[in-house]
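Peer 1: Heads up, here are the entries from Swiss-Prot:
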DOMAIN    5-122  domain 'Response regulatory'
MOD_RES   Asp56  4-aspartylphosphate
DOMAIN    152-346  domain 'CheB-type methylesterase'
ACT_SITE  Ser165  active site
ACT_SITE  His191  active site
ACT_SITE  Asp288  active site
Amino acid sequence: MKKIKVLCVDDSALVRGLMTEIINSHPDMEVVATAPDPLVARELIKKHNPDVLTLDVEMPRMDGLDFLEKLMRLRPMPVVMVSSLTERGGEITLRALELGAIDFVTKPKLGIRDGLIEYSEVIADKIRAASRARLRALAPASHAAPLRLRSPFASSEKLVIVGASTGGTEAIREVLQPLPADSPAILITQHMLAGFTRSFAQRLDALCAVTVREASDGERVLPGHVYLAPGGETHMRLGRSGANYVIGLQASEPVNRHRPSVDVLFHSAAEAAGGNAIGVILTGMGKDGAAGLLAMKRAGARTMAQDEASCVVFGMPREAIALGAADEVVPLADISERILTRLGDRGHRV
């Protein structure tokens, strides 16, 4: 079996050693080299031609983001960022994902050895997914305002329910940016750790006509608003309070190894919204959301899955399609328009 070749770049010798220990403990991957900074890494990339790079975001001699941007322009390769769990770390990590990084893992604030070893399976899963990921070309920065679509109508009854994982931060941005301010309410579960979703919501809010926020327990769901499940600690559910939709956040065990889980949100939407919802499953590894999307379809919702060609990782959509949960398979660039088209359809389903 061919092993996944990994190059670890981090200014901390402790982190380099721990990452090497963790990665080499899995039989399908190995660390071929480590580097204390991007300048050393540049030479090691030429020498070893690694399959995946793990990259610290803050390092001496060259900033991790600067190096990532140069790398994705000149020698694109799968990168998993290693970030500190701070507000600044969250903002930098989101920028790294925009620049083309596949995913990220966090350094624990205290007890770094125990924290990273506890993350062993997560780190290995992310490296495996990165090794199979479809790289996005880094487009030149554009300052033009995004083209806004027109909503066929505004209704407090209609809802869009979205789930995503690896590659999802950029996919979600691409879905939300064209939507008009009077779009129906949108609920999103993106696999993300605590401490990152608030920064992600703020970044999206600045880019989109719709209002984007991190969801709060018990809040009423309003048209023109996007509610992002908080990372790490709870599952997000859709419920009813009289004539209104409301959000529930529940601290319970992970589902499909994830918290928040897409399946939890989708199953709750099937029960609370039925045929008034549209379910969308985007890029991501694993199967979270597939069964929930099928439940939504059976409850009368329109459902769609992102197509393989536009996915960073075609895991969750593939599982949903295999179950027969997706009414249609749609390229990422067309999903916003398809959502609005479905909202305008007449019949027993949105």
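Placed from the backbone N, Cα and C atoms, the Cβ positions cover glycine too.
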Peer 1: With DSSP as the reference, give the number of residues of the domain 'Response regulatory' (5-122) in helix, strand and coil.
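Peer 2: Tallied per class, the domain 'Response regulatory' (5-122) gives 57 helix, 28 strand, 33 coil.
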Peer 1: Among the recorded positions Asp56, Asp288, which residue has its Cβ surrounded by the fewest other Cβ atoms within 10 Å?
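Peer 2: Counting other Cβ atoms within 10 Å of each of the recorded positions Asp56, Asp288 gives the minimum at Asp56.
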Peer 1: What is the interatomic distance between the Cα atoms of His191 (active site) and Ser165 (active site), given in whole Å?
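Peer 2: Counting only the Cα atoms, the answer is 5 Å.
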Peer 1: Is it possible to get the count of other C-beta atoms within 10 angstroms of the C-beta of Ser165 (active site)?
Peer 2: 27
Peer 1: Calculate the distance in Å between the alpha carbons (Cα) of Asp56 (4-aspartylphosphate) and Asp288 (active site), and round it to a whole number.
Peer 2: 28
Peer 1: Would you kindly give the Cα-Cα distance separating Asp288 (active site) and Ser165 (active site), rounded to the nearest Å?
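Peer 2: So the Cα of Asp288 (active site) lies 9 Å away from that of Ser165 (active site).
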